Amino acid sequence: MTLTGGSKLSSVTTEAVPSATAPSRKTIGLFDGVVFVLSCTIGSGLFFAPGESASAVQDAGVSLLAWLVAGLISLAGSLCYSELGTAFVSAGAESHYLNKAFGPSVSFTFTWAMITLVGSTAVAAISRVFGQYACAIAPSLITGNLELCERLVSVFVVIFLCVVNLVNPNYVLMLTRFNVVCKVVAVMIVVVGSVIAFFSGTASPDALLRQRFFSDQAVWTNFPQAVMFAVFAYSGWNMLNPLTEEMADPKKDVPRVYTVGMVSTIVLALLVNAAFMLVLPVDQMSGKLASPFATLVDPNFGFLRPVLCVFISFCCLGSCNGILMGTCKCMAAAGQSAILPASFGYKSKRHQVPFVSVIVFTIYSITLVFFDLNSIVAAYTVASWLFFVLVGISLFVLRSKYPNIVRPYKIHFYPFLPLVFIVGGAYILVMSCYNTIIIGSFCFGTCFVGLAMYLASKVDGINSLYHVFADMIKAPSSGNDSTTSGAKPVSSTIEL
């Protein structure tokens with residue numbers, strides 16, 4: 001194996017510096033794009049979050065409202081990402097948009113947070129849920145510490161996905177397609193099973209009558225917490241944008257993929273919530289829904305429980321893989337543009353896999369597996385929605401800075417839908433911080449550490465701070481998406 005690295009960049013540019021390796025292969029079409037979005041969004045959260053959100057508000061109607069609100073905010077966000085992703089095609093995605101809108105300091109802070117808080121916590125949380133359901137397939141075989149077993153299984157699945165991504169990206173697409181089939185089957189088992197159990201009398205007919213819909217007992221103060229769990233279930237939709245360079249026709253397909261993918265996800269999420277509520281009263285719902293659901297629906301044979309746990313485990317596998325792929329693409333793009341060390345941008349010559357980013361991200365994600373699951377979810381929510389809000393604002397900034405650039409897709413009902421995304425995201429962010437002050441403070445502190453690292457890398461920190469604000473208000477000399485940096489490109493060649 002030979003590895004040669006090029007010279008360092010003298011300054012951070014506003015464009016991703018091209019690698020000496022071959023360009024990304026255009027292998028993702030409309031179908032694979034929709035499959036990828038569904039693979040990312042329909043995962044562990046769909047079978048973990050309904051119980052948590054319902055338990056928080058103690059009302060079926062309020063819980064469903066929280067899921068609808070979270071879905072509409074996520075849909076508005078995906079349409080914002082459609083405009084940005086088709087106008088500024090880059091594997092850097094959010095890092096690239098924030099760089100152009102606010103300058104390299106904000107871009108670096110996002111990349112830092114993406115590694116330390118956003119992508120890593122999502123992978124850790126989803127792999128933890130995978131561990132829970134995988135160990136529930138045959139619990140009688142586990143004689144030792146159940147929680148330790150769940151965490152070890154979580155570590156194994158993250159390592160497995162790392163190896164699959166390193167060996168051949170074609171295997172990843174095959175795995176993604178298989179996972180989507182498993183997700184659809186799992187959803188159908190829950191929906192059809194609950195309906196059959198309800199009308200056949202297997203489940204208690206009183207379950208639906210005992211449900212509360214917008215009653216006086218609803219805990220509205222916990223509504224933000226219910227929304228937080230719902231947005232976690234929808235998480236991963238933004239991971240399509242880092243793959244736009246690999247799409248056959250991103251300018252046409254990205255808006256279609258997001259629209260079909262997100263609308264399908266919202267409908268399926270509401271169906272799954274309603275199915276659980278059809279047979280389980282709110283006071284019996286918790287984070288682990290599969291076991292009580294299967295016991296009620298199939299009390300005689302006990303066959304449904306392991307089958308459902310298997311399919312839910314595969315759902316988690318697909319979501320975890322999609323987020324790992326998207327995050328590592330962002331890290332590689334940041335390495336190529338000198339936002340991160342150049343080694344993060346190194347790719348294998350044969351399959352163009354950013355292997356350094358994949359390995360580093362995998363190791364860090366594994367360390368988070370051993371933290372409390374609810375704390376991981378809270379950290380993900382705070383960090384991700386902080387930058388979702390900034391990306392939403394960047395859409396307005398980039399329309400002002402680059403008014404003449406070709407935009408194959410312009411978001412409809414502008415500026416209403418972007419404002420829905422920004423205001424809704426700000427609400428989720430503020431209320432999440434309010435409910436988890438310590439974790440919120442930790443997330444903001446981690447972001448400030450990243451910003452401080454960027455400023456410390458400059459000779460004159462005060463002057464750098466001035467340029468942060470100057471970049472935000474300075475308009476380019478031309479309406480075109482061009483750069484004037486004379487930085488030398490990074491050369492990286494990996495032969496395997």
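From the backbone N, Cα and C atoms, a Cβ is placed for every residue, glycine too.
Keep in mind that TrEMBL annotations are predicted by a computer and have not been checked by a curator.
Keep in mind the model is a prediction, meaning the values are calculated, not measured.
Residues annotated as region 'Disordered' in TrEMBL: 477-496. Among the features that TrEMBL reports, transmembrane segment is placed at 28-49, 64-89, 110-131, 151-168, 180-199, 219-237, 257-282, 302-324, 353-371, 377-399, 411-430, 436-456.
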Are there 3 or more C-beta pairs under 8 Å linking the transmembrane segment (110-131) with the transmembrane segment (353-371), counting only pairs at least 6 apart in sequence?
yes
Which residues of the chain, 6 or more past the ends of the transmembrane segment (411-430), have a CB below 8 A from one of its CBs?
69-70, 72-73, 76-77, 79-80, 82-83, 224, 227-228, 231, 381-382, 385-386, 388-389, 392-393, 395-396
Quick one: do the transmembrane segment (180-199) and the transmembrane segment (64-89) reach 3+ CB pairs under 8 Å, ignoring pairs fewer than 6 apart in sequence?
no
Two-stretch contact, the transmembrane segment (257-282) and the transmembrane segment (151-168), at least three Cβ pairs under 8 Å:
no
What residues in the same chain, six or more past the boundaries of the transmembrane segment (64-89), come closer than 8 Å to it by Cβ-Cβ distance?
50, 53, 57, 96-97, 100, 223, 226-227, 229-231, 233-234, 237-238, 240-241, 244-245, 250-251, 254-255, 258-259, 261-263, 265-266, 269-270, 273-274, 277, 388, 391-392, 394-395, 398, 402, 405-412, 417-418, 420-421, 424-425, 428, 481
Checking distant contacts: for the transmembrane segment (151-168), what same-chain residues at least six beyond its ends satisfy Cβ-Cβ under 8 A?
123-124, 127-128, 130-131, 134-135, 175, 316-317, 320-321, 324-325, 328, 348, 351, 353, 355, 358-359, 362, 365-366, 369-370
Intrachain residues whose Cβ lies under 8 Å of the transmembrane segment (302-324), provided they are six or more past its termini:
36, 39-47, 119, 122-123, 126-127, 129-130, 133-134, 136-138, 157-158, 161-162, 164-165, 172, 175-176, 178-180, 182-183, 185-186, 189-190, 193, 235-236, 239, 290-291, 293-295, 358, 361-362, 365
Which sequence-distant residues neighbour the transmembrane segment (219-237)? Criterion: at least 6 residues beyond either end, Cβ under 8 Å.
37, 40-41, 43, 45-46, 48-50, 52-54, 56-59, 62-63, 66-67, 69-71, 73-74, 77-78, 81, 122, 125, 258, 261-262, 265-266, 269, 319, 322-323, 326, 377-378, 380-381, 384-385, 427-428, 431-432, 434-435
